[in-house]
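Q: Next up is a structure, given as structure tokens.
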Amino acid sequence: MTRETERFPAREFQRDLLDWFARERRDLPWRKDRDPYKVWVSEVMLQQTRVETVIPYFEQFIDRFPTLEALADADEDEVLKAWEGLGYYSRVRNLHAAVKEVKTRYGGKVPDDPDEFSRLKGVGPYTVGAVLSLAYGVPEPAVDGNVMRVLSRLFLVTDDIAKPSTRKRFEQIVREIMAYENPGAFNEALIELGALVCTPRRPSCLLCPVQAYCQAFAEGVAEELPVKMKKTAVKQVPLAVAVLADDEGRVLIRKRDSTGLLANLWEFPSCETDGADGKEKLEQMVGEQYGLQVELTEPIVSFEHAFSHLVWQLTVFPGRLVHGGPVEEPYRLAPEDELKAYAFPVSHQRVWREYKEWASGVRRPD
């Protein structure tokens, strides 16, 4: 028993939280079916992505891969295309690898043992708790950002939530206050409370069903919690991007490396500029590395795309392929009407939209 929960009225708290959840729970597509595979897909999608964004992607993904076996048997390019636009592509690569292992090692049944499930690729403590409690009723804690915020306020925890030790502390608290007869609903209710009521800014304390148990509310410091140390400044990376078409209307694209950021996704040719002339560097790169002669116009647009650890500063140059040798991997000349079949990261989807607007005369370079 931790000092936080030693005198905590857990049964009364469970009752008030679960009664509220029964009344107020959102009608979400992944809540209609407790199939372990579908729960797993939804939890992976919901990592670092808003619920409203996930809903249509989840429905389309399940339509395309309705069973674990269907996803396990799918080609990686097809899976990446189905995920296109959600970002954080390592999530779906790990999921794809993990369901393949489930199919071969466990006969297609998601393991209900926490140790076995946690050994699958990409499955961390939160995913273990969420999937196993919701699908199998296993009493494992599911501690995400919402839950850490709720618990920080409930128990007046001032430790930095970015530290692994703080997460472990919260996991232990959940184990001690959990409704063991219905762990899935309890975990889901805590998450829902953080999403709808105990929000990061301007929490609705007066409407909170568990306000009576909240130490931060009693002390008037709810908005000061949780404590999270600021990250260091992210790296800024200037990129020049070329949209190049040949005389037959085919567009030059390339496949990214099989490891690292945005692995195996397609993109338009690009290079880091480091403050140099982007047009000159692009022409030099394409010419020297791939033996292709290109003619670029002036840039049509510049914009930023942020990742968790860096920011791309993209400048887009339209142009044409004049002549050169055959196009070899990782490059490909794709007919324009076939580009939609390739999985592009969000940043390069925007590159294409900006290019099409420019080409149609909707906008001109500044």
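Cβ coordinates come from backbone N, Cα and C, glycine included.
Positions annotated as active site, proton donor/acceptor by Swiss-Prot: GLU43. If you look up Swiss-Prot, you'll see TRP30, ARG31, GLN48, THR49, LEU86, GLY87, TYR88, TYR126, GLU188, SER308 marked as DNA binding site, on the strength of experimental evidence. What Swiss-Prot records for CYS198, CYS205, CYS208, CYS214 is [4Fe-4S] cluster binding site. The annotation domain 'HhH' is assigned in Swiss-Prot to 105-133 on the grounds of sequence analysis. The site 'Transition state stabilizer' feature in Swiss-Prot is assigned to ASP144.
Help me see these features in their spatial surroundings.
A: Under DSSP, GLU43 (active site, proton donor/acceptor) is assigned to a helix (H, G or I) in the three-state scheme. Cβ contacts within 10 Å of GLU43 (active site, proton donor/acceptor), excluding its own Cβ and spanning all protein chains shown: 22.
Sequence-distant neighbours of TRP30 (DNA binding site): residues of the same chain at least 6 apart with a C-beta under 8 Å from its C-beta are LYS38, VAL39, VAL41, SER42, PHE58. In the three-state DSSP assignment, the secondary structure recorded for TRP30 (DNA binding site) is helix.
Neighbour list (CYS208 ([4Fe-4S] cluster binding site), Cβ cut-off 8 Å, at least 6 residues apart, same chain): LEU193, VAL197, CYS198, CYS214, PHE217.
For the domain 'HhH' (105-133), the DSSP counts in helix, strand and coil order read 16 helix, 0 strand, 13 coil.
The C-beta environment of ASP144 (site 'Transition state stabilizer'), restricted to residues of the same chain at least 6 apart in sequence and closer than 8 Å, consists of TYR126, ALA130, ILE191, GLY194.
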Q: Same-chain residues six or more away whose CB lies under 8 A from the CB of CYS205 ([4Fe-4S] cluster binding site)?
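A: Those within reach of CYS205 ([4Fe-4S] cluster binding site), by Cβ under 8 Å and sequence separation of 6 or more, are GLN211, CYS214, PHE217, ALA222.
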Q: For TYR88 (DNA binding site) and GLU43 (active site, proton donor/acceptor), determine the Cα separation and express it in whole Å.
A: 14
Q: Just name the winner among LEU86, CYS198, CYS214 (the binding-site residues) by count of other CB atoms within 10 A of its CB.
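A: Within the set of binding-site residues, the most crowded position is CYS198.
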Q: What else in the chain is close to the domain 'HhH' (105-133), if you only count residues 6 or more beyond its ends and a Cβ gap under 8 Å?
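A: For the domain 'HhH' (105-133), the list is 36-37, 39-40, 43-44, 47, 68-69, 72, 90-91, 93-95, 97-98, 139-144, 167, 171, 183-184, 186-187.
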